Amino acid sequence: MLKIGRNATILKNNFWFASVRFQSGGFSEKLAKGPSFADFLNMDKPLTADEAFELDRKVELPNGSIHKRLPSWLKTKVPLGTNFNRIKHDLRGSHLHTVCEEAKCPNIGECWGGKDKSRATATIMLMGDTCTRGCRFCSVKTSRRPGPLDPNEPENTAEAIKQWNLGYIVLTSVDRDDLTDLGANHIAKTIQKIKEKAPHILVEALTPDFSGRMDLVEIVAKSGLDVFAHNVETVEELTPFVRDRRATYRQSLSVLKHVKKTCPHLITKTSIMLGLGETDAEILTTLKDLLEHNVDVVTFGQYMRPTKRHLKVQEYVHPKKFEYWKEVAEKLGFLYVASGPLVRSSYKAGEYFMENLIKKRSGNPASMSV
């Protein structure tokens with residue numbers, strides 16, 4: 001008699017998810033009808049008017065209710081302001097990319113346009129604007145072999161950030177599975193350059209999983225950053241359907257745990273999207289898994305479908321539910337929790353609490369303000 005292992009159990013659960021949560025067909029049918037890798041390679045093609053306004057029309061939610069328009073809590077103002085325009089201009093001049101723009105983040109105006117520029121937050125996307133992976137929630141362009149790295153990017157990034165005089169910067173990157181070191185040294189060099197030119201700026205790096213290679217994780221963890229972020233994105237049960245198949249839930253947890261083992265002083269952070277069909281029990285399990293792997297900070301945000309090629313929204317989670325998960329996470333013991341429909345992993349990363357937490361851990365309480 002064959003012994004059924006953990007992988008077989010997960011496989012069984014995955015097929016159950018495909019047949020029960022997506023009533024229109026099984027997992028194989030979903031993959032066949034869903035976006036192919038080629039679709040992700042051609043994401044520059046503009047949407048039609050009907051596709052662009054799809055979510056402003058009648059949407060049937062899992063509970064049977066109908067939303068005729070996008071919920072009011074998901075609408076944002078057109079980004080304006082001096083800071084917003086200045087940062088955008090500098091980015092173009094330095095040939096830099098931001099995940100704020102590439103991922104169509106709804107908070108770009110709020111993060112870039114703050115009246116107090118020391119509280120403004122920009123998220124620079126390193127290693128180009130094209131990823132080697134094709135996650136089914138992400139709007140960043142995809143290619144098996146993106147262009148070569150810009151050797152001047154670390155210097156240009158550091159110089160631009162120095163000129164902005166921000167208090168907090170977030171660095172993220174595309175996945176570069178085509179590179180020997182998967183981009184780890186490029187990220188680390190950028191962090192080191194920033195700290196050389198502007199040592200007062202707090203640096204958060206939202207990193208890939210580096211295919212689970214802990215030697216590469218260590219290169220970034222030891223580069224001088226203040227916050228090491230890596231997103232699990234969703235609950236374990238949904239991971240195979242949401243993320244690229246090379247990214248696994250357990251691998252992401254291992255990355256976060258290894259960072260804390262390597263650099264105990266570093267703050268570790270992750271993000272979870274809601275609205276993909278996850279259950280409360282699965283979210284609670286995820287939070288407990290994160291704590292067991294020594295994660296300090298967690299954020300919750302609403303999944304928004306960027307194009308018709310991506311996963312459909314299963315639920316528009318009400319703001320009160322986000323408040324509920326914030327309270328649950330805080331009671332469980334996370335040091336900081338940001339939770340709301342429009343929250344993204346780098347959303348308001350430079351809030352007072354986060355900055356004070358970092359300064360306290362670095363032994364600089366005199367510079368703290370409340």
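Here the Cβ of each residue, glycine as well, is placed from N, Cα and C on the backbone.
Per Swiss-Prot, the feature [4Fe-4S] cluster 1 binding site maps to CYS100, CYS105, CYS111, SER346; the stated evidence is sequence analysis.
Residues or ranges marked as [4Fe-4S] cluster 2 binding site by Swiss-Prot on the basis of sequence analysis: CYS131, CYS135, CYS138. With a 10 A radius on its CB, CYS135 ([4Fe-4S] cluster 2 binding site) counts 20 other CB atoms from all the protein chains.
According to Swiss-Prot, the feature domain 'Radical SAM core' maps to 116-335, an assignment based on sequence analysis.
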Under 8 Å between C-beta atoms and at least six apart in sequence, can you list the same-chain neighbours of CYS131 ([4Fe-4S] cluster 2 binding site), or say none if there are none? CYS138, VAL140, LYS141, THR142, SER143, PRO146, VAL174, ASP175, ARG176
